[in-house]
Amino acid sequence: MALIALLAGDGIGPEVTAEARRVLEVLDLGLTFEEAPVGGAAYRAAGHPLPPETLDLARRADAILFGAVGDPAFDMLERAFRPEQAILGLRKELGLFANLRPARLFAGLEDASALKPEIARRIDLVIVRELTGDVYFGEKGRRTTTEGLREGNDLMRYDENEVARIARVGFETARTRRSILLSVDKANVLETSQLWRDVVVEVSAGYPDVTLSHMYVDNAAMQMVRDPGQFDVIVTGNLFGDILSDQASMCAGSIGMLPSAALDSAGKGLFEPIHGSAPDIAGQGKANPCAAILSAAMMLRHSLAMPERADRIEAAVAAAIAGGARTGDLGGTLSTTAMADAVLAGL
Ligand SMILES: NC(=O)c1ccc[n+]([C@@H]2O[C@H](COP(=O)([O-])OP(=O)(O)OC[C@H]3O[C@@H](n4cnc5c(N)ncnc54)[C@H](O)[C@@H]3O)[C@@H](O)[C@H]2O)c1
Ligand SMILES: CC(C)[C@H](C(=O)O)[C@@H](O)C(=O)O
Ligand SMILES: [Mg+2]
C-alpha cells in the first residue's frame, strides 16, 4: 500500500489537491494519504514553512502530492520564513532535480489559448527544467555599499555534474517522444550558460539517435508564442524553465491546466501544478483543478508504476474538456468541484 504525502499548502492549494485526491480515491488504488502543513499554513501553525514533521513525512512517503504555497501576508518576512521556502526546501532536501512540465492543448481549448487556434492546436511539448541549482540556490544577499546604495545579489551557478544529469533526463525524455532535444540557454552572455551548452554537447555523444539543437532563451520566449508546435522536448535551467513553462501554459489554454513532476535520481517524486496559490481567487471555488488532477496522473505514471491508470485520468480530463466543462480561467462558469465532477464522470 503506497503512502502519499498530501501537502496542500496555501490559497487554492487545498482546493485543487482535494479534487485530485477525490479522483485518486475513486480509482481505488489502495493509496494511503497522510496530510501535513506546508508554506504559509505551516508558518501560521508551527512557525516554519517546512516543519521537520512535514519534511519527515515527505521523506517517508512513496510520493508527494503538492498543492501550492505563497501568501501575500508573509511577503515581508525574512526570506527563510516565507512560504515559498517550503517548496524550494523540499526540492533541495529530497534531491528533486528533474522537473518535467508537459504542455499540450486539450482539444476544445483553442479558444482559451492566447494564440490563434491553428497555432495553439500544435502545442505538445515537455519542458525538462533543472530544479535544484541555478540562481535559485546560489549565494544571495543584500547589503549597503560604501557609497550608501542598497544592493542585492543572487549568484547564478551550475557545475558540470548538475548540467550533465539534467541533460541525460532531457535526452532520455526525447527518446520517449520524437528524439529531438532543444537546449535553451543564454550562452551568448552568461558563463553559466556556456558551461551548460558545452556539457550538453558532451552528453549528446551518448545519444547519437537524438537530434540536439540550441536556442537562446529570449528567442525561445518569442518562438513559444510564434509557433510552439516547433518544440518537442526542451531542456533548460531552473530560472528559464520557470518562466517558459508559465508562458507555455497560456499557449495551451490556461495555467490551470499544466501539471508537473519533480523527480530524484531514483524516480521518487513530488507532483504539483505549475501554478501558485492564486490569492486573487482563493477560497471562492473558482480554481481549475485540472493541473492538480493531471499532476496526480503523473504521480501514478512516474512514481507508482501505474501508467494505465495515469492514461485513464488524462483521458477523463480530455473528455471533460471535449464535453464543454470549463472553469472561469477557461472561459466557463464551473466551480472547482463541478469541474472535478466532470472529470470523475469520465472515469
Ligand atoms: N509551486 C508553488 O507553490 C508556486 C508556484 C508559483 C507561484 N507560487 C506562489 O503563489 C503566489 C501567487 O503567485 P502568482 O500570482 O504570481 O502566480 P499564480 O500561479 O498563483 O497565479 C497567477 C494567475 O493565474 C491564476 N491561476 C493560477 N492557478 C489557477 C487555477 N488553477 N485556476 C484558475 N486560475 C489560476 C491566478 O488566479 C492568477 O491570476 C506567490 O506567493 C507565489 O510565490 C507558488
Ligand atoms: C514558488 C516558486 C519558488 C516556484 C519556482 O520558481 O520554482 C514556482 O514559480 C514554480 O514554478 O514552481
Ligand atoms: Mg513558476
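Glycine residues also receive a Cβ, built from the backbone N, Cα and C atoms like all the rest.
Annotated substrate binding site per TrEMBL: R91, R101, R129, D218, in sequence order. Cβ neighbour count for R101 (substrate binding site): 24 (other Cβ atoms within 10 Å of its Cβ, all protein chains included). According to its DSSP assignment, R101 (substrate binding site) is in a strand.
For D218 (substrate binding site), the same-chain residues that are 6 or more apart in sequence and have a Cβ closer than 8 Å to its Cβ are K186. Residues or ranges marked as Mg(2+) binding site in TrEMBL: D218, D242, D246.
In sequence order, V16, S254, G256, M257, T327, G328, D329, L330, T336, M339 constitute the residues six or more apart from N288 (NAD(+) binding site) in its chain with CB-CB distances below 8 Å. DSSP assigns N288 (NAD(+) binding site) to coil in the three-state reduction, placing it in neither a helix nor a strand. Residues annotated as NAD(+) binding site in TrEMBL: G276, S277, A278, P279, D280, I281, A282, G283, Q284, G285, K286, A287, N288.
Mean per-residue pLDDT, taken over the domain 'Isopropylmalate dehydrogenase-like' (3-343), amounts to 98. Among the features that TrEMBL reports, domain 'Isopropylmalate dehydrogenase-like' is placed at 3-343.
Residues annotated as site 'Important for catalysis' in TrEMBL: Y136 (among others). Y136 (site 'Important for catalysis') falls within a helical segment according to DSSP.
The site 'Important for catalysis' annotation in TrEMBL covers K186 (among others). Under the DSSP three-state reduction, K186 (site 'Important for catalysis') is assigned to coil, being neither helix nor strand.
In the three-state DSSP reading, R129 (substrate binding site) counts as strand. Under the DSSP three-state reduction, D242 (Mg(2+) binding site) is assigned to helix. In this structure, A282 is the one among the binding-site residues A278, A282 with the smallest number of other Cβ atoms inside 10 Å of its Cβ. Ligand 2 lies under 6 Å from the Cβ of none of the recorded positions R101, Y136, D218, D280, A282, Q284. Highest local Cβ density among the binding-site residues D242, D246, D280 belongs to D242, counted as other Cβ atoms within 10 Å over all protein chains shown.
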